[in-house]
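Structure record follows, encoded as C-alpha cells.
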Amino acid sequence: MSETSRVAFGGRRAVPPNNSNAAEDDLPTLEPQGVVPRGINLQEFLNVTSVHLFKERWDTNKVDHHTDKYENNKLIVRRGQSFYIQIDFNRPYDPRRDLFRVEYVIGRYPQENKGTYIPVPIVSELQSGKWGAKIVMREDRSVRLSVQSSPECIVGKFRMYVAVWTPYGIIRTSRNPETDTYILFNPWCEDDAVYLDNEKEREEYVLNDIGVIFYGEVNDIKTRSWSYGQFEDGILDTCLYVMDRAQMDLSGRGNPIKVSRVGSAMVNAKDDEGVLVGSWDNIYAYGVPPSAWTGSVDILLEYQSSENPVRYGQCWVFAGVFNTFLRCLGIPARIVTNYFSAHDNDANLQMDIFLEEDGNVNSKLTKDSVWNYHCWNEAWMTRPDLPVGFGGWQAVDSTPQENSDGMYRCGPASVQAIKHGHVCFQFDAPFVFAEVNSDLIYITAKKDGTHVVENVDATHIGKLIVTKQIGGDGMMDITDTYKFQEGQEEERLALETALMYGAKKPLNTEGVMKSRSKVDMDFEVENAVLGKDLKLTITFRNNSHNHYTITAYLSANITFYTGVSKAEFKKETFDVTLEPLSFKKEAVLIQAGEYMGQLLEQASLHFFVTARINETRDVLAKQKSTVLTIPELIIKVRGAQVVGSDMTVTVEFTNPLKETLRNVWIHLDGPGITRPMRKMFREIRPSSTVQWEEVCRPWVSGPRKLIASMSSDSLRHVYGELDVQIQRRPSM
C-alpha cells in the first residue's frame, strides 16, 4: 500500500506535506501506457543522450540572470526570465513525429497544481508570465531551447528531466544531479513581486555582498562593515535549508511575503531551533560574543553543518544574517538602524519612566526600555494582500522581541502604512509603529500610591533612522519614510489614525507640555575615550524674574545598548541656586576607575539627571547616553593585489589599557579575498602590540574590503577594516 493512500480524512486522500527542498522522490524513467507488444524496444525511439545547461560563470545564462557571482557550479537562474539549455538525442529530432518536453520537480511529493511539478511545453512563441520552451536552434542531433519560467514560480532547487513520448509510453531521463537548477526571485523582471526598477538600487540591495551597519548613539554614530557573503560557497543551500528547518510548505516559497516572514522567525533560535541564539547578558560561555562576528558566512555554514543554533547574536547580527538570507534568494534587502528605539512591551505608544518623589528612577516600576539603537531589515516587495500603495519597503525584524502569531518574528510590515498610522494592516505594524513613535513619559510614583505625569518628551523616540547609502559607505537618513516631522499636521493625523486602528495610549498626556517650567535643564557629555576620565556639564537656565533653588540628582549607569541598566557606578546629589534671568553650569568628573571594572561590551554609559524646583515642585528630567571611543585594529596588506596572486595581510593591535587583556580572539574576513578565519592570543599586556599575518589569494576582482574584529574577557567591540582594489589577472 502506498504511503499516500494509508491515511484518509473525510473521504479525501491525505497527501503528505511537501515541506523539504532536500527530500526527493525520483520520477520513473519509463511510464508504459498499456502493454508494450513483444519485440518493441522503446529505446529505439527518440532518446536523450545528454543535456547541457550552460552553467559556467561566464556563460550567458549566469551573466544575463546576474547569478555569475555565486560560487556554485549548478545552473542558477531568476524566475520570469528565459535561459538556454541544449538537449542531445540519439538521432536528429523530427518535429513532425517526435514529441518531448522538459520537466522541473521540487520536493518529495510533486503536484502540478501546487507548482512542485512543472511540465514545460514546447511552444512556437514564449508568452510573458508563463512557463514555456521555444526551440531556437536545431543542429544535427542537438536541439537548443530558450526556457522561460513563471515570475510566480517557487524559489528553490529543482530537479530537471526530459520526457519523450512514444506510442507505447513515456521515456524519461534518469535523475542527474548535474542538471539540478536553482530558481531565484528576480528584481529585474517587471512581473516578479520583488521587481525593483532602479539598476543602482538592484546592485546595492541584491548584488552587494558587503554592507555597513550603523550603531552607537545618535550624537556619536559609529559604523562597522559586515560581510553578507550571499554568493559564498554553500550559502545558497543553507538558505534553502533554513526554510526546510522551518518546515515551510514548498508551494509558499514563491511568495516573498511568506518567505520573509518565515525568515524573520528562523534567523533567531527562540521557539524554532533557528539560526542564532540571542544573548544580552554579557556572558557568552560556549559561544562567540556577538561583537566578534565579522559577517554571516561562518554563522550560516556552522548552522547547517551542526544542525544546531549558533551562539550568540544581538540585533545587528540577526539583521546581518537575515540580510544575507534575503539577498541570496533574490529579495532586495537592506539593514536600517533606529536610534532611540522603543521596546514597548504592550505597544501602547508610551515609554513610562517612573520616578521616586526625590527624583530618583524607580527601577521596579519602570518596565519599558529605550534601546540606544536597534537594527532591523527592510525587504522590497509588492503587497497584493494590502490596499494599493502599501507595497515597496517592508520592515522585517528577526531579533526575538515579541511573540507574533505564536512565534518570535516581526513583519513584513509596510513602511508606508507605518508612516500614515495604518497599523491595522498585517504584519506587526503596531509594534514597529511604537518603536519609532512612542512618547517618553516621566511619572512620579507618590508614596500614597498615586501617579503624577511630570513631563512628556514626544521627540526622543525614533530620533534618527538610517541605512547605508547606495553605492557608498556613507549614511542615508530615511527617518521621513517612517514618520512625518514632529509637530506637522500630518504627524498628528498619523497618530490619530493609529489610535483609531487600535494602538493603545492609556494616559492622556495632552497639555502636559503646555505648563512648562520657567527653568530649563540640559546637560552635555564630552566625547570620552575608553580608560580615560570624562566630564559631564549640566546647565540650568532661569527664564523668569523669580529666584529659585534646585535640588538635582545625577545617576550614572553602565547599560546594555538595549537601555537595560546593569549597574549604577556613580550617584551624586547637589543643590543649585538660580538668580533671575541667569544660568549656571555644574561640572561632574567621571573617573575611569569608576566605570572600567563593570564595563559591558559596547562601552555604553547612561546618565540620568532629574531636578526638582523647590519653590514650584516642578520636576525636570533628562537622560543621555555616550559610547566610549574604543581602540581600533589596524590592517595592512603587502604584495600584488591581483586575482590568483598571493598577498600578505597583517592585523595589528596595541593594548591601550592599564590592564592585561586575556583570551583574545581576532577574527579576519574579506569576501572574495579570504574565507573567515580567527586566531587566539592568550594575553596582551598593557601598551604591548600583537601582529597576525596571513597569506591570502583573492578570487574576486574589484573594490573589496578586509574586516577584522577583536574580543577578549574584558574588552570587546574592537574593529578594523581596509578597502582594497583587487585587479583582474593579466591575460596571457
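The backbone N, Cα and C atoms fix where each Cβ goes, and this holds for glycine too.
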Region 'Disordered' according to TrEMBL, located in which of 1-31, 342-372: 1-31
Between Cys315 (active site) and Asp439 (Ca(2+) binding site): CA-CA distance (Å): 23
Candidates Cys315, Asn437, Glu486, Glu491, namely the recorded positions, that fall within 10 Å of His374 (active site) by Cα distance: Cys315
Nonlocal neighbours by CB distance (under 8 Å) for Asp397 (active site), same chain, sequence gap 6 or more: Ser264, Phe318, Ala319, Trp376, Asn377, Arg409, Cys410, Gly411, Val432
Any further residue of that chain within 8 Å (Cβ to the Cβ centroid of Asn437, Asp439, Glu486, Glu491) of the recorded Ca(2+) site: Ala458, Thr459, Ile461, Gly462, Lys483, Leu495
